[in-house]
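Listed features, source Swiss-Prot:
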- D10, D134: Mg(2+) 2 binding site (BINDING)
- D10, E48, D70: Mg(2+) 1 binding site (BINDING)
- 1-142: domain 'RNase H type-1' (DOMAIN)
Amino acid sequence: MSDSVELFTDGACKGNPGPGGWGALLVCKGVEKELWGGEANTTNNRMELTGAIRGLEELKRPCEVTLVTDSQYVMKGITEWMVNWKKRGWKTAAKEPVKNADLWQLLDEQVSRHTVKWQWVRGHIGHPGNERADQLANRGVDEVRGIRHG
């Protein structure tokens, strides 16, 4: 039987594009693991995707994952848009290249290793897991900007 894992992810950007960070909080059997990082010049959508990718990459064996995001972009991309992007060779309905296709392809690869249930929550309304992921993403931004945390 595979482990059940909750994964809360978020991305943040100071300027868009600008310095950005991603955060992921993994919860399995009451044990929590925090992950975060950042990039000097990126977008909020790239950081949202990276949070989900890095969280899933951290799982060393197939798991049943409930992935919680406050990003409509990630949620709709993975659950609605991706199937058609793939059919069209990573092009949009307007025949334009899919933005962030490199990250969407990495996310698709990671999702294929697990059973993932996607859950969207409204951001910044006090959802504990989402708030923690937001704090981690902002830590990633701060580290890129040279701001240290205790």
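Here the Cβ of each residue, glycine as well, is placed from N, Cα and C on the backbone.
When DSSP labels each residue, the domain 'RNase H type-1' (1-142) comes out as 56 helix, 47 strand, 39 coil, counted as helix, strand and coil in that order. The Cβ centroid of D10, E48, D70 marks the Mg(2+) 1 site; residues of that chain outside this set whose Cβ lies within 8 Å of it are T9, G11, A12, G51, T69, S71, V74, G123, N130, A133, D134, A137, given in sequence order. The most densely surrounded of the binding-site residues D10, E48, D70, D134 is D10 (count of other Cβ atoms within 10 A of its Cβ). D134 (Mg(2+) 2 binding site) sits 10 Å from E48 (Mg(2+) 1 binding site), taking the C-alpha atoms as the reference points. Here the C-alpha separation of D70 (Mg(2+) 1 binding site) and D10 (Mg(2+) 2 binding site) works out to 7 Å. Comparing D10 (Mg(2+) 2 binding site) with E48 (Mg(2+) 1 binding site), their Cα atoms are 5 Å apart once rounded.
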